[in-house]
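**Q** Below you will find the structure I want to go over with you.
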Amino acid sequence: MFGLGGQPQLSSQQKLSAAEAELDLVTDMFNKLVDNCHKKCIEQIYNDGQLNKNESTCIDRCVAKYFETNVKVGENMQQLGQAFSPGKF
């Protein structure tokens with residue numbers, strides 16, 4: 001408030017740019033998840049148009065591990081960011 005000690009207010013353009021960057025990151029993460037889990041869990045030669053039980057289970061586990069890893073990496077990055085933030089030196 002009044003520029004004293006608070007977060008600076010972002011302009012509409014800055015908010016839009018931040019939202020676009022976040023959308024790009026989420027889209028990239030989704031595409032990597034699909035690509036990695038597809039390569040790991042689904043044979044290159046399809047015998048059936050539907051996923052079989054093994055493929056479905058593999059994909060479920062792959063996606064769960066991918067998100068769990070993403071959360072852990074995010075938490076570690078946040079801790080590192082706080083440790084090296086200005087005023088900590």
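Backbone N, Cα and C define each Cβ position, glycine as well.
Taken from Swiss-Prot, the feature disulfide bond applies to Cys37-Cys62, Cys41-Cys58, supported by similarity to another entry. Taken from Swiss-Prot, the feature motif 'Twin CX3C motif' covers 37-62.
Quick one: how deep are these features, and who are their neighbours?
**A** Sequence-distant neighbours of Cys62 (disulfide bond) (same chain, 6+ apart, CB under 8 A from its CB) are Leu33, Asn36, Cys37, Lys40, Cys41. In the three-state DSSP scheme, Cys62 (disulfide bond) is classed as helix.
With a 10 A radius on its CB, Cys58 (disulfide bond) counts 16 other CB atoms from all the protein chains.
Per-residue pLDDT, averaged across the motif 'Twin CX3C motif' (37-62), gives 93.
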**Q** What is the total of other Cβ atoms whose distance to the Cβ of Cys37 (disulfide bond) is within 10 Å?
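**A** The answer is 19 other Cβ atoms.
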**Q** Within 10 Å of the Cβ of Cys41 (disulfide bond), how many other Cβ atoms can be counted across all chains shown?
**A** 18
